């Protein structure tokens, strides 16, 4: 399905009852082909979705609320368009469910079907809200650099690394990531963490490269995969992981993670801007 056929940018009609058909899948293949990925993926990882506006009725009609987290594997054939996800979650509001487990099972079944792969779902009830973490991405901030730039479309030629020197291990972060929705043109604001082992990447060039996404149109997942591949090809690290946390829209935030080596899943901790 093409993004142009999704609910994005169209007048919204909110469902009165639970409706799984509201979920609008978008194949990953098209964007990946544009990046030159036509066979085996050069990475693995997860898209972490947090939903803060989930509510339903219990069997007696009393409203219930929870924060939901969805873990969508990067190898799934589809992503779900975010506005359709919002409308789908909104359809729970006037529908009765017998238990929290029933809601979780319904979410897992529907979102897994839309994505074409098994999606893990966690629900946090109000009595556990205090346990939800908030912290900034760990690493050396690139934003400390005072530099000039005038490139606002992705340009991998900005990237370079010291190929003739001994490899290093670094974790670098920036809060200056911005991209734009390919359907509505609305800006998407994010923070990005880059961990690598290999030739030392030029920090100023990397920051200019991150800034160069400022006028780019692409879904969150596609932008992170482009960043991953551009760094991999231009800088040739032995190990690479890219993790972005985008600010919330419509009660949802999307946090893609891509890596080419085995490591634990990153913490799903909100940043201050989320």
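Don't overthink the numbers, they just go from 1 along the chain as shown.
Yeah, the Cβs are placed from backbone N, Cα and C, and that goes for glycine too.
Positions annotated as active site, thioimide intermediate by Swiss-Prot: 181. Annotation comment: Swiss-Prot describes 188 as active site, proton donor, evidence class sequence analysis. Sequence annotations record features per position, and here Swiss-Prot assigns substrate binding site to 80, 81, 82, 220, 221. According to Swiss-Prot, the feature NADPH binding site maps to 82, 83, 249, 250.
Structural mapping of features recorded in Swiss-Prot.
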residue : record                              : DSSP (3 states)
80      : substrate binding site              : strand
181     : active site, thioimide intermediate : coil
188     : active site, proton donor           : strand
220     : substrate binding site              : helix
249     : NADPH binding site                  : strand
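Residue pair residue 83 (NADPH binding site) / the residue listed as 'active site, thioimide intermediate' shows a Cα separation of 11 Å.
The closest partner of residue 82 (substrate binding site) among the recorded positions, by CA position, is 250; the full candidate set was 181, 188, 250.
Taking the Cα of residue 249 (NADPH binding site) as the reference point, the closest of the recorded positions 81, 181, 188, 220, 221 is 188. Compute the center of the Cβ atoms of 80, 81, 82, 220, 221, which mark the site for substrate; besides them, the chain residues with Cβ within 8 Å of that center are 26, 47, 49, 79, 85, 219, 254. For the NADPH site listed in the record, the two most distant Cα atoms among 82, 83, 249, 250 lie 9 Å apart. Ranking the recorded positions 80, 181 by the number of CB atoms within 10 A of their own CB puts 80 at the top. Spacing of residue 80 (substrate binding site) relative to the residue listed as 'active site, thioimide intermediate' is 14 Å (Cα to Cα, whole number). Counting other Cβ atoms within 10 Å of each Cβ, the lowest count among the binding-site residues 83, 249 belongs to 249. The maximum pairwise C-alpha distance among 80, 81, 82, 220, 221, the residues recorded as binding substrate, is 12 Å. Nothing from the binding-site residues 81, 221, 250 places its Cα within 10 Å of the Cα belonging to residue 188 (active site, proton donor). Cα proximity to the residue listed as 'active site, thioimide intermediate' (within 10 Å) is found for none of the binding-site residues 81, 221, 250. Within 10 Å of the C-beta of residue 220 (substrate binding site) there are 23 other C-beta atoms, taking all protein chains into account. Contacts of residue 221 (substrate binding site) defined by a Cβ separation under 8 A and a same-chain sequence distance of 6+ are given as 28, 47, 74, 79, 254, 256, in order along the sequence.
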